[in-house]
Amino acid sequence: GCCSDPRCKHQC
């Protein structure tokens, strides 16, 4: 998911 992706982790 996004929480594991550094490109969108800031959204978590």
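The backbone N, Cα and C atoms fix where each Cβ goes, and this holds for glycine too.
Features as listed in Swiss-Prot:
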DISULFID  Cys2-Cys8  disulfide bond
DISULFID  Cys3-Cys12  disulfide bond
MOD_RES   Pro6  4-hydroxyproline
MOD_RES   Cys12  cysteine amide
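A Cα-Cα distance of 7 Å separates Cys2 (disulfide bond) from Cys12 (disulfide bond).
The number of other Cβ atoms within 10 Å of the Cβ belonging to Cys2 (disulfide bond), over all protein chains shown, comes to 11.
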